[in-house]
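Participant: Swiss-Prot feature annotations, pasted as is:
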type     : residues                                                                   : note
DOMAIN   : 38-213                                                                     : domain 'BPL/LPL catalytic'
BINDING  : R77, G78, G79, Q80, V81, T82, Y83, H84, S144, L145, G146, G157, L158, S159 : substrate binding site
SITE     : K141                                                                       : site 'Lowers pKa of active site Cys'
ACT_SITE : C175                                                                       : active site, acyl-thioester intermediate
Amino acid sequence: MDKRIPVGADTLRIRNLGLQDYDTVWQAMRDFTVRRDSATVDELWWVEHPPVFTLGLNGQECHLRDVGDIPVVRCDRGGQVTYHGPGQSIVYILVDLRRRALGVRQLVDALELSVVDLLQSYEIETERRANAPGVYVQGRKIASLGLRVRKGCCYHGLSLNVAMDLSPFYRIDPCGYSGMEVIDLKRLGMELPLADVQQNLSRYLVRRLGYSAPFYGEENRMIK
């Protein structure tokens, strides 16, 4: 199905792209955003990445303490340094903010609250911090976000730690904070298939972002 389908602003395509190199998806997000116009349907891209550290626009190399053989990519999202790896569920948010009448702060709230909704459904208590975007459990970060807005449209997105090797986080200062601890769902006693987490979080994202007509696009197919 072509991305320029004649539908309303409440339509959202959801794709599962599987395991993909970070650079490949980053370039695809930029290309999608450059090419999109008023007829382009908004999309969510679910993805996993092989191990990689990413430095955002505000990223300082002093927060890369011992990267070892894990590659480092300097990218154009907001924020500092983070880690992506297998067992982490990442959703990229490709949304026309002007069309949805959303400000960046409203978008950040919607993304964080979607994770809060999900974790509350698992009976996990959460917190948010005004000075450190993301979602925290027992004082440890479980979800991070970083966005870029270009001509009123956003890309990049949100990552949720599901069942992963957390040790690379301790080779950096996560999000620029020395000593910040992280956690995942598995360590909270929730051993869930990644696909189930993605499906459930998609439902909360759709609700918080105000879409009424979500549908699933091509599985495991990179955008051209």
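Each Cβ is built from the backbone N, Cα and C atoms, and glycine gets one as well.
Quick caveat, the model's predicted, so the values are computed rather than measured.
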Participant: I'm trying to understand the geometry here, so how far is the Cα atom of the residue listed as 'active site, acyl-thioester intermediate' from the Cα atom of Y83 (substrate binding site), in Å to the nearest whole number?
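Facilitator: Between the Cα atoms of the residue listed as 'active site, acyl-thioester intermediate' and Y83 (substrate binding site), the distance comes to 9 Å.
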Participant: For Y83 (substrate binding site) and K141 (site 'Lowers pKa of active site Cys'), what Cα-Cα distance in Å is obtained after rounding to a whole number?
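Facilitator: Answer for this pair: 12 Å between alpha carbons.
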Participant: List the same-chain residues at least 6 positions away in sequence whose Cβ sits under 8 Å from the Cβ of L158 (substrate binding site), in sequence order, or say none.
Facilitator: I90, V91, I93, L111, S114, V115, A143, S144, L145
Participant: Report, as a single number, how many Cβ atoms besides its own are within 10 Å of the Cβ of G79 (substrate binding site).
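Facilitator: Result for G79 (substrate binding site): 22 neighbouring Cβ atoms inside 10 Å.
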Participant: Taking every residue in the domain 'BPL/LPL catalytic' (38-213), what is their average pLDDT?
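Facilitator: Summarising the domain 'BPL/LPL catalytic' (38-213) by its mean pLDDT gives 95.
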Participant: Using the alpha carbons only, what distance in Å do you get between K141 (site 'Lowers pKa of active site Cys') and R77 (substrate binding site) once rounded?
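Facilitator: So the Cα of R77 (substrate binding site) lies 19 Å away from that of K141 (site 'Lowers pKa of active site Cys').
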Participant: What is the number of other Cβ atoms found within 10 Å of the Cβ of C175 (active site, acyl-thioester intermediate)?
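Facilitator: The answer is 23.
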Participant: Do any residues at least six apart in sequence from R77 (substrate binding site), in the same chain, have a Cβ closer than 8 Å to its Cβ, and if so which, in order?
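Facilitator: Those within reach of R77 (substrate binding site), by Cβ under 8 Å and sequence separation of 6 or more, are T54, G56, L57, G146, L147, R148, H156.
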